[in-house]
Amino acid sequence: MTSCGKQRYGTKRRYVGVATLKYLSLPLPPEAYISDKAERICNHPSVLMAPVEVQNPDEAKPTAKTKVATGLESIAPLISTVEETPEPITTTVEGSIPSWINGNFLRNGPGKFEFGNTHYNHWFDGMAMLHQFKIQNGQVTYKSRFLQSDTYKKNSERDRIMMSEFGTLAMPDPCKNFFQRFLSRFEIIEPTDNASVSFVKYKGDYYVSTETNFMHKVNPENLEMLEKVDWSKFIAVNGATAHPHYDPDGTAYNMGNSYGNKGALYNIIKVPPEKTEIKDTLQGAKVLCSIVPANKSHPSYYHSFGKAVLLGTSSLNSFPFAAFSSKAPLFLPFFLVPAMSENYVVFIEQPIKMDLLKIVTCKIRGKALNQGIYWDPKLETVFHLIDKRSGEVIPMKYHTKAISTFHQINAFEEDGFLMLDMCCSDSGQAISNYLIQNLRKSGEALDELYNTTDRTFPRRFVLPLNVTSDTPTNQNLNTRPSSKATCIKISANKVFCQHEDLHGDDLYEYGGLEFPQINYSQFNTRPYRYFYGCGFRHMVGDSLLKMDLNDKTLKVWQQKGFYPSEPVFVPSPDATDEDAGVILSVVLTPSQDKGTFLLVLDAKSFEELGRANVPVNMAYGFHETDELMGPNHVPVVRLRPEQG
C-alpha cells in the first residue's frame, strides 16, 4: 500500500521554464502521470533506465585474451534488501586474528533497494547501510545501521521512493491529482544525501560520502549520524568525490564540480588537517585551482551524483536555460577522478561524458539522470597536472587513447617522471550493466551480461615532467630501461602516452582487477612494490589478489561460491617490509543464509589467518576503511594553535 500522507500546499517550488519544454518538444505519455498505482508509474517505460550510449559497439566486446564465462552462479541475494543490526552481536572466530589488531573496521554500501511498491533501478541507488566490525584481542563483534539521511527518512515516511537517485527517477505522488502530477514534472530534482559510497576522513572526523554536496559526520563507535555537512556552505563547489587523498600530515585533497555563467568547472579542493574549534567540519577548505572542461556542456562523468547551481540567468554554453530560476539546484552526476603524487594532483578527464541538456531536463522527459551519459571512444583521455603547493595548472597536457577508470592505485615521481598507476578499461559502458535487474539475472542471461561487460586491468602511464621547448618531438621520452610505456611529445603542449601493463597473462584468468589498495600510510605517493584488489570472474569480486610489481606475479585467495569485498591492508606494528601486515575483507555468499564472514589474510603469504563468522545477511557493498588502534593506527583530532 502506498501511503499518501497529508497533502501540503503553498510549498515554494522551482520549475523548469516553459521555454525549455517548448525547445525540447518532448510530451510525456498521459499514463505516466495519471496512474494511481505507484508501481505502474515507477515501472513505466518512459522512466526505465537505458544503457549508457556506446557509440562504437565493438568497444564492449571481450578481447582475445579474456576468458569467456559459462555457468555463473546467481548473485541475486547479494543485491537484495537486508535488515540492520543496531545492537552488537558476537561472531564465531575460526583460526586466529592477531591480537595487535584493535579497533573498528568500517564498511559502507547499499542495503535497501525498495520502498513499498517502488523499486530502485541501479546498484548505486540503494539506501546506505553502515557496518562496523569491532576487533579486540582476537575477538569480533558486529553491528549495522541504515544511515538516517533525509532521503531515507522521506522515503520511509511515505513508504515510496521520494528522492531521485542515479538510475531511478522519483515519480509524481500518485495521491496527487492530475494537474499536480503534471506540474511536478517541471520541478528541479532535489539532490540526494544518500551517502552510500565510502567512509572518508577530514580533520580526524569520519564522514560517509557520495558525490553530492552532502556528507554525514558519523560516530564510528555507534554508527549514528552526528551532523549533515554541505560542501557548498564552505567552498564554491557543488559536491566532492568519495575518494579524497591525504598528505602525511592529514591534509586532504579532493575534486569537486561547479557551474557558473561561464559553464562547468573541475575544481581541486584542499582541506586543512587541523581544527580551530572542536566543532569544525570543513572550515578552512579552499579551491586550489579550477580546470575548464574540453567541452563545457559535455563534461566528464562520475559514478555518483553532484548538485549544480546556476548562478544568475546566463546560459550554459548557449543552452536554452534562461527560464530556470536563479540559483536553482540541479542534480547532476560527475566523473571526477583524482590521483596524487608527492608534488602533483592529477586530474583525469575521460570520455565518459555527460549531456547537460539531457540531464537538467530528465524529469520533464521522465528519464533517470544516467540517461544523459554516453561514452565517446573518438575522444582522447587527458591527464591534467596541478602543483599541490602553488595551485598552478601545468600547461603541458598528457593524452592517451580513450579509456575509463574508476580507481587509481598509486602515483609517484622518480627520475623526472611521474608514474600514474590505475585500473583501466578500454570502454565506458560498464556502469549501465550494473542495473539491479541485470545483477539479479541467472543462467545464460547472466553469462551473456558478464561476457559483454568491460574488464578492468592495472596499467602504468609514464608522464615526463621536464618537457621544454627544446625537447624533441616524435620520439619516446621514456628512458627508463625496465619500462615498456611510451611518451612522445606531439606539439608544444601535448605529450601522447601509451601504457604498460602492470600484470602478467595470468590475471586474465581472474577477470581483471578492481578496488585496488596499497600500504597507503607508508607508500602512497612513493615507489612501491605491492598492490591488492578483487578479481572479477563475476559481476562482483570473486577473489582477492596480491600483485608483485617486481615480476608481475599473483598470489590469490579464492573459494568457490564466496565473493570478497574490497581488501584493506593493515600494517603490523613496527613493520619494516612493505607487505608486513594483514588484509581484511568482508566475504559474502548467495548460497548460504547468513554465511557472511570477515576474512583475515597474512598480507605477505596471502594465507588465511582466521575468519569471524557473522550470523547476518549483507548486500554487496562498495568500500571499507579501518579505525584501528595501535602503533601505526592512532586516530588524532588536532586543534590548530591560535595565531598570536
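Glycine too: its Cβ is placed from the backbone N, Cα and C atoms.
Over in TrEMBL, the protein carries these features:
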type	residues	note
BINDING	His243, His303, His407, His623	Fe cation binding site
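The structure, with features from TrEMBL marked on it.
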residue: His243; record: Fe cation binding site; Cβ neighbours (10 Å): 21
residue: His407; record: Fe cation binding site; Cβ neighbours (10 Å): 20
residue: His623; record: Fe cation binding site; Cβ neighbours (10 Å): 22
